[in-house]
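Here is the structure we will look at.
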Amino acid sequence: MNPSEMQRKAPPRRRRHRNRAPLTHKMNKMVTSEEQMKLPSTKKAEPPTWAQLKKLTQLATKYLENTKVTQTPESMLLAALMIVSMVVSLPMPAGAAAANYTYWAYVPFPPLIRAVTWMDNPTEVYVNDSVWVPGPIDDRCPAKPEEEGMMINISIGYHYPPICLGRAPGCLMPAVQNWLVEVPTVSPICRFTYHMVSGMSLRPRVNYLQDFSYQRSLKFRPKGKPCPKEIPKESKNTEVLVWEECVANSAVILQNNEFGTIIDWAPRGQFYHNCSGQTQSCPSAQVSPAVDSDLTESLDKHKHKKLQSFYPWEWGEKGISTPRPKIVSPVSGPEHPELWRLTVASHHIRIWSGNQTLETRDRKPFYTIDLNSSLTVPLQSCVKPPYMLVVGNIVIKPDSQTITCENCRLLTCIDSTFNWQHRILLVRAREGVWIPVSMDRPWEASPSVHILTEVLKGVLNRSKRFIFTLIAVIMGLIAVTATAAVAGVALHSSVQSVNFVNDWQKNSTRLWNSQSSIDQKLANQINDLRQTVIWMGDRLMSLEHRFQLQCDWNTSDFCITPQIYNESEHHWDMVRRHLQGREDNLTLDISKLKEQIFEASKAHLNLVPGTEAIAGVADGLANLNPVTWVKTIGSTTIINLILILVCLFCLLLVCRCTQQLRRDSDHRERAMMTMAVLSKRKGGNVGKSKRDQIVTVSV
């Protein structure tokens, strides 16, 4: 290869530099993110607030801690810039830039729960055996066994003390309770024959007689039938136990601490010595009757009990009645007899049979009670939605009024497999919550308002020079307006009636009715009817809110109200506390908020949906009437006279022109007829005189 060929093949150095320049220029302009476009809705950003800077500093500090980087001013600045860059570069969802309208919304039956408190009405608890446990019976529970025991972590608030069962502060403690009936006997040595039932119940305080709250509890004595003074007598059939509610002579205190004072007026039967006419060495000289400790042990350890004494055995506080605890401090609430049905089902009940015999020892009467048990009855108690049971390590914090539980289980039924190392918290579905929501358009009560607004934007803003075009299509516009208004009113009505009820029923079934679908074949049962009444009562309250509120037309599952959300008045922390169910001085004032929203709804209910928009259409069309343009001009008599003369002159001119046009038309018609006659003559003018020719032509 000669030097000339090498020079020809080697690219010139200057050309290489010239080809690299455009690439460098393009690399400088290349970006990895999408091109940012300024939209019409884009607004100028406001300067950052102190709260935003404080939050940015916290995020930067947390980032440096996670990355184990020393916190210096330079690193803090770089971390803050990185966070701002990441937030700004996040993709914005469609329509988010235009979501500048925030209103209060009422969401009925959200997927949230709250604790049932002592101030709530009693809960329906169903049992599978009403012979041994009084109450409504239902042996079909749980409806969804595969869903029992689902794990959940809760952190909810409360205002009144919550209902909790178990060995924990703020919960009612479990204990064994006995109920005794007397069976007639004819044996000469047998004084009495007994049937006794033992089961789990609610544990009273040991020193309840000395407690200062006992005297105060006397004023809360319920109005009911007093308990009998004799042991109830029943037949020899051990499978029959008749429960009869009664009020004991004294109340027992189940709880008296910072969580409140809980009392119970049901009888607490137990064996003790009858010391009537005996010496002071009788054990009943104690202030508190001697309780048989053996009977309060585990129900599975002993199947035979023997009580022996030189003093007669008596059964105190007669009556076959279930516990009915109620709160009396710091507030007074209703009785809750359903709680005992949950505790008694946590372990099988044991049935005892025995008698009391009288013997002689050392020339003294000797009394012996023999009790034997060979029968146990397993039980199951269940609740139905909207109620559920949270089982686990429940912690109640009275200072912050919060309830927490990690790795808890959601149940609807309790049976003999329950472990009392856990606690039971009774919860229910939230009836509704108030939350602020954002919309990409202003609040509208009816779709007719939205449709007519769009129509008016394209019609009423036109110039008056299009008056003749508007008149040509005026009937079409009226038809569109009427159709839109009718459709808006119809859709508004359907949202609050058929569609809303259908969506509400579907959503509520998916959320809370998944475990308890009412069986149509057994719908005539009383218990199903009672539960349905409770279930529908909450729905009626929700519907009552919907009828009182004016909602946005484009929502059906919840109601967006016309009340604008004011962040300065209700900050998000208040909303968060409301969602947690906490009610304190810092919580959202729901009653005040409801009054404001109802007032705003009343203002919008004064007009039928679409009436305001239709009135705007009528005013706009009236402005396009040409008569109104000169209405203000013809306000004087002289101007009116001039206008009349001008109109008469124009009319005269039109008449003169019409007459002239008519004469010209007649002349042209005659000439055409003459020409037609002359063209039809075959011989022309031969044989006729000149006079005739002249006359003919002149015609």
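Numbers here mean position along the shown chain, with the first residue as 1.
A Cβ is built for glycine as well, from the same backbone N, Cα and C atoms used for every other residue.
Going by Swiss-Prot, these are the annotated features:
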| type | residues | note |
| --- | --- | --- |
| COMPBIAS | 10-20 | compositional bias 'Basic residues' |
| CARBOHYD | Asn100 | N-linked glycosylation site |
| CARBOHYD | Asn128 | N-linked glycosylation site |
| CARBOHYD | Asn153 | N-linked glycosylation site |
| CARBOHYD | Asn274 | N-linked glycosylation site |
| CARBOHYD | Asn355 | N-linked glycosylation site |
| CARBOHYD | Asn372 | N-linked glycosylation site |
| CARBOHYD | Asn461 | N-linked glycosylation site |
| CARBOHYD | Asn507 | N-linked glycosylation site |
| CARBOHYD | Asn554 | N-linked glycosylation site |
| CARBOHYD | Asn566 | N-linked glycosylation site |
| CARBOHYD | Asn585 | N-linked glycosylation site |
| REGION | 1-47 | region 'Disordered' |
| REGION | 466-486 | region 'Fusion peptide' |
| SIGNAL | 1-89 | signal peptide |
| TOPO_DOM | 90-632 | topological domain 'Extracellular' |
| TOPO_DOM | 654-699 | topological domain 'Cytoplasmic' |
| TRANSMEM | 633-653 | transmembrane segment |
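What Swiss-Prot annotates, mapped onto the structure for a quick look.
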residue: Asn128; record: N-linked glycosylation site; Cβ contacts under 8 Å, 6 or more apart: Ile137, Asp138, Asp139, Cys141, Leu379, Gln380, Ser381, Cys382
residue: Asn153; record: N-linked glycosylation site; Cβ contacts under 8 Å, 6 or more apart: Cys405, Glu406, Asn407, Cys408
residue: Asn372; record: N-linked glycosylation site; Cβ contacts under 8 Å, 6 or more apart: Lys303, His304, Lys305, Trp352, Ser353, Gly354
residue: Asn566; record: N-linked glycosylation site; Cβ contacts under 8 Å, 6 or more apart: none
Spatial separation of Asn274 (N-linked glycosylation site) from Asn355 (N-linked glycosylation site) - C-alpha basis, Å: 17
Count of other CB atoms lying within 10 Å of the CB belonging to Asn274 (N-linked glycosylation site): 16
DSSP-derived structure type at Asn566 (N-linked glycosylation site), helix or strand or else coil: coil
Packing count at Asn355 (N-linked glycosylation site) (other Cβ atoms within 10 Å of its Cβ): 18
Secondary-structure category, per DSSP, in which Asn355 (N-linked glycosylation site) falls: strand
Averaged pLDDT score, the topological domain 'Cytoplasmic' (654-699): 65
DSSP state at Asn128 (N-linked glycosylation site), helix/strand/coil: coil
Assigned element (helix, strand, coil) containing Asn274 (N-linked glycosylation site), judged by DSSP: coil
